[in-house]
Each structure stands twice: as C-alpha cells, then as structure tokens.
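Colleague: Before anything else, here's the structure in question.
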Amino acid sequence: MHILLLPLLLSLILRSTQNQQPSNPPKTFIILSDGASKPTVFPTHTHWFKSMASSINPPLSKPFIHTYSTLFRGFSAALTKTQLRHIKKMNGVLAVFPDETLQLHTTRSPEFIGLCVKTTPICQETSRLLKISKNGSESVIGILDTGIWPEHPSFQDQGLDPIPSHFKGHCQDGQDFNKSHCNRKLIGAKYFSGGYETMVKNLGGEILSARDYDGHGTHVASIAAGRSVSGAGFYGFAGVVSGGVAPESRISVYKVCWFNGCLLSDIVKAFDEAVKDGVNVISMSLGSLKLPFYMDLIAISAFRASEKGISVIASAGNEGPEKGSVSYLAPWITTVGAGTIDRDFPASVKLGNGKIIKGQSLTPQSEMPRKNRRLLFFGKITSHSHQIFRNSSSLKGSIVICYTGKGVSRSTVGMWLKSKGAVAMIISHEQFDPLGLIAEPHVLPTITIPISAIHSLKSYLSSSLNPTATIFSKGTALCVRPAPILASFSCRGPNQVEPTVLKPDLMAPGVNILGSWTPHVGPTNLVSDTRVIGFNIQTGTSMACPHVSGAVSLLKAAHPSWSPGTIKSALMTTARVAGNLAGKLISDESSGQNSGPLGIGSGFLQPEKALDPGLVYDLEHEDYTVFLCGLNYSPKQIRLVVGKWVDCGVGSREKDYLLTKLNYPAVVMVMGLNQEWVGVRRRVRNVGSSGCKYRARVVGLSGFDVEIRPKRLRFRRFGERLEYEVGVKRVKDERGNLRNFSVGWFKWEEEGGQHIVRSPVLVLEDDFVRGILHKL
C-alpha cells in the first residue's frame, strides 16, 4: 500500500514545489550605458546606476553584480522580465546583453618555435628576441583563466628586476590566498565570481580566491611566462628544463572560470580590471560567442583594450575539424589554432601473432602489463558508464580495446575500466585524433592508437581463439618528423561573422605540451585520481594560445612603440607554412593532406623571425571603424563597439568596397557566382633598412590568374608606407570548369636581403561560403 501511494505523494510534492516557483525569475544581464549622458547631479557613474536601480519597477532587491568603468560604463545585475523591459527604456542605456556561460578550451615547445637559450640540434643560434627583450621583463601578461598555484617554482622571482612601474594592480586576499603569495613574478591576482555566484546559487566546494584548484590556469600561465625549472617532467616523460615562452615577463592572474564554467559578466569585469591594472597582453584560453561584433561583449572589450595598446590573444577552440567552427572572429583579436611539435611519446602494442601497432602513451613501462594479457573489444563508447557496467563481469585482468567520439571523457572511461579490473586500455579517438598523436595522463595504463589501427585489431580478434597482447612504452622521442602537424581538433575557418577576415590567425604548439600543475588535483582532474604532480602534459588550443601570448609579450618589450596590429602583422607574415620534413607544407591530421589557411591561418608561430619582419601591415582603429561601416552596421551598433558616434558617409553600394580596405596581413576574397574579377588594396610600412626593394611572388591559387600591382616596392627610408593591389581573375580549367575555392600565398621578397613577408590568399565563392555556414 505504501509503495502504491509513493508516486502520488511525489507528484503532489512536485506540483506544490512547481507552484511555489516564481513566475518571473530573475536572470543576469549586462547593461552598457552612454557615459556622457550621466546627469551632472550625480558625482559618479555608480551613483547614477544606483539611481537607475532604485527607479526600476519593482526596484532591484540585490546590489549590482559588477560595475564597469575602464573599457565602458555599465553594470551587471539580476533582472526579472519586467525589470528588464523597464531598464531598456531608460535614458542613457545603450544596450542590454544577457549573461552567458562559457567553457575552457581544454618544455620543448619554446625551443621548437625558435626561442633558444643555447644551441641544440634544432637551434643553430641563441635567441636575439630573448636578449633584446630582456626575456620580456618589462611586459605584463594578464591571464583570464582558473587562477594560479602561486607556490609553484615556475613562478618564483629570484633575480627579477622590480615590478614595472606602469603596473597598478595588486593581489587580492581570498580563501587560501593572500598578498604574501605574490612576488616580482606573480604581480597581480584577482578573482571574479559575482556572475557565477548569481547563476549557481550553491557554490559547494568552490574556493573564492585566485588560487587554482583546477590546474588549467597554472598550466597556461607557465607556458606563457614560466621561469626555468630543472628536472621538470611527467613520470619521466618530457624530462627537461621547463620554461615558458617569455620567462621573465610578469604575470597578473584574473580568475574567471569555476567548476561549472566562466560567466560572461565576470569575464568582462576581469577585462576591465586588467586594462586598469596596466597589463600589456590579455590571454584567454576559453570559449566565446559567435555573434555579430556589436552583440559580442568580449569582442567589444577586446576592441577597447586594443585601442589602449593592449594585445588580446585567444584560443581558436577544440571543435575541429569542421569548417566554420573557429572562435574569436574579430580582426582585432589574435586567434590561435593548435599543432604538434617535434616531440612524441612513442609506444607500441605487440599482438599475440607478433604484429606491432604503434601509438602514444604517458604510462611508464614499469606500470604496463608485464606479460601477454587477454584482449577484449568494446567498440565505440558513447554512454560509457552503462556499457562498462553491462560488460563488467568479463574485464578482470584484460586489456580493453575501445574508441570514442566527441563528448566522451576518455579519462573517465579509463577510470571505470580500472574499477572493473582491466589492466590496460588501448584507445582511439575516432575523428578527434585519427593519427593517434595525442598522449593523455590516464589512471589506467593506456596507449592511444590511430583509428585506422582498430581495423587491424578487429581482424586479429576475429581470427584468434585466444587473442592476447602486451604494451611497450618507449619514453620520449625528440626531433620527430614531420612536425608541425595541424591537430584534428583545432577549429577551422571560414569566419562566420565576416568571411573576408581570416581566422584562425596563427597556429602554435598545442599537442602534448608540458606545463606546471596544481597539487590539488591529479593530472586527469578526476576525483579518484590521487596522483600528486608538479607538471602535467595537456593538449588543446588552450595550450597554443599562451605560446602566442608569451611571444607578443617579448615583442612588446623589444619594440615598445609597436601597436597590437603591428605585432600581429609581424607574427603573421613571418609564420612558417612548411614543416621539418624536406620543406613539405604543414599537413592536416584529419585529412593527411596539405593544410591551408583555414586551418593554420598564416602559419606556425616563429617569434624570432617576427623580431625583424621587414615590412608590417599597420592595423589602426580607423581601419577597424571603416571595416565596421562595411559590415552594414547601424551608427548605434558601431558606437557599441568603438565607443563613439561614427558617420560612415557611404551608400550601400560602397560598403562592400569598405570591407576590402581592412589592412589585414591575410587576404580572403569572396566572389559572386558570376563575378570574374575581384581585388583588394593593402599598405605596408618599412621597418627594415632604408633603400630596400621588394619583389612580389605568388605560389598556388590554381584556377585563378593573380596580378599584384605594382610588382616591385622600393622604400627610400625607414617608416615609409607604400600601397599595392592584389587582383584575381577566374580561369577555366582544361575541362572548361571554374573553381569555387582556391588557396595560395603571395610574398614580398627583399632583393639582395633576408626578409620574406608572406601572406595567405584565399578565393571563396559566395555560395560555397554560405553552404558551409548554413550547415553550422
């Protein structure tokens, strides 16, 4: 009888609870105001905002979550629908944005990009950039992430000069963190949780301070600017002297990411504080919104930061290889994709029939099964916990073979298999890692193999009555060829908001990267992983982003007068498009073919070359304003981005032309179906020697005739600017067909000199672009 009544009782309780829920629950919004509209009766904008809040019907029951004062004037607050309608009608309110939850984009690499402190087999000479920039000592990198573990030796300050005088920030006290944890290396640390606390209500085990209890922020910070630490490594793998790209640049941390994500209102507040503090670079290895720029508060914040001379670097995202998946689409943000370096962690599976299958592993040989073990094939794991429980009786003592698609935690798969008695795992990642390039720190002895090798294993299993295998881990291999390779997971273009702006901009090391780690969590971030480590090996565009942030910090220190656009140009035009295998072009892991600009952008990061690029494409804020006019934005929409009224002064027919005037270091042309010719103009500034001459050369772009006018540029003096035009014309192939897509490169080669200034060029048919973006 009690059992029969229970469903009825639960139903009544549920209805009662639902009836008690507010019909108009508040949600968090970010309100941008017209700062100039503040009535003189209010001494500050905050007083004005409080007056707004009190005049809303009904008045706000809670104070503001954040106020914003450096990049723009505004505040964030929890509003009901009624309050939202009221505030949108108030004088002085420019726009209201809903708060959003974003997610993180989850050694040897400085040497591989040419920053060598000593000569090695891949370094013929030591780095001039490190020397001239004094290792970036006068530059400050602001890192928006999960915080930092301040006691890590990567952040010690021995031998550093005093804190740069332009930095005005500080270290904020909080749980398990106080001002004494900072030094001349870690010079700022703040946390922003107001938006997050409003969303999640119950913070559970969150630590309200800048201390990193996740590991991601500590790892990212050490890649960008970690000090040299001898004996670094992960259980004997990648054992070297570890150090970041800019080893003496200062770090200021802004913790915006928590257990359940990163709130937009907190991120915008961190931007505001970082600019006020005086950082030189902002580094973000976290997700973004793919919205028109006037609706994207991160793009707006980045524009305002760039206007103040601060470079903003962001990760492209890990949802590749689908076209159009790239994040951070604004031209004033430097967007970074991920590739490999020339280091592997080779391992192999030896089957009972003697066949060898190669892969990658971060399991020491001492932990691998010591003899042949039975093989079991699980197939593809989607809802892994249910499948493992269903088959758990037969796992004890076995090596389990499985493969996963996207959205499945491979670390969790390993944890469950271990709990059911499996002794090892052979795993593949389907589309995510078709070549088996990624090594991961599993709790269960594991080897990652290419998805193609699964077929060999299945064939062996079907032909053997007693299939067995053993696994061999071979440590660390250096000078691996080919490298770099574009990672399959790295997000691809074209740009969803405006295809004529190339994204990503660059590719940098992002696969199997060694970095510092927090002792609070194990290398897999699983609660059951009790291993305590000082360094971890991680993969993702999150790891690629801080490589570029560190490089930008060095260049800012070496060239204090260079603008963010100038530095971006220097990095893009000096990036490499060939790997270390006989000059062959960088390949794409997902296809095995040559990668193009929609994957690698302008190419693989070479900061040493960027120190002396020869020519640069200046990107000033006037360029961006004209570009926004070309996007057909209204005056109000443009004002939201640039912070002032702009008179575009052109008709609709001229706006397409304005898009071609953006002085970007890459060229993407979108042609109509019946259009035969399209052209763009660019201008370059000489930052090399006076009296230099350059000759244009085009590589690739099959299906089109390319003309660059003039074909030669002669600079009489340092700082001189010259313009040129790139025009392309369709040509029919031998079958009389026209191409709707083509990629290539053009470069300005210095006559009798050392400089080569390279830019990618893409021609996309309008219908082709629309077809890609329509599928997203």
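Just so it is clear, glycine is given a Cβ too, placed from its N, Cα and C backbone atoms.
Note: TrEMBL annotation is automatic and uncurated.
Just lifted these from TrEMBL, have a look:
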ACT_SITE  Asp145  active site, charge relay system
ACT_SITE  His216  active site, charge relay system
ACT_SITE  Ser542  active site, charge relay system
DOMAIN    32-105  domain 'Inhibitor I9'
DOMAIN    136-579  domain 'Peptidase S8/S53'
DOMAIN    661-763  domain 'Subtilisin-like protease fibronectin type-III'
SIGNAL    1-19  signal peptide
Colleague: Tell me the residue counts in helix, strand and coil for the domain 'Inhibitor I9' (32-105), as DSSP assigns them.
Modeller: 22 helix, 20 strand, 32 coil
Colleague: As a test of reading the model: what is the averaged pLDDT for the domain 'Inhibitor I9' (32-105)?
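Modeller: Computed over the domain 'Inhibitor I9' (32-105), the mean pLDDT is 92 on the 0 to 100 scale.
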Colleague: Taking DSSP states H, G and I as helix and E and B as strand, how many residues of the domain 'Subtilisin-like protease fibronectin type-III' (661-763) are helix, strand and coil?
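Modeller: DSSP composition of the domain 'Subtilisin-like protease fibronectin type-III' (661-763): 0 helix, 62 strand, 41 coil.
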Colleague: Across all chains shown, how many C-beta atoms besides its own are within 10 angstroms of the C-beta of His216 (active site, charge relay system)?
Modeller: 27
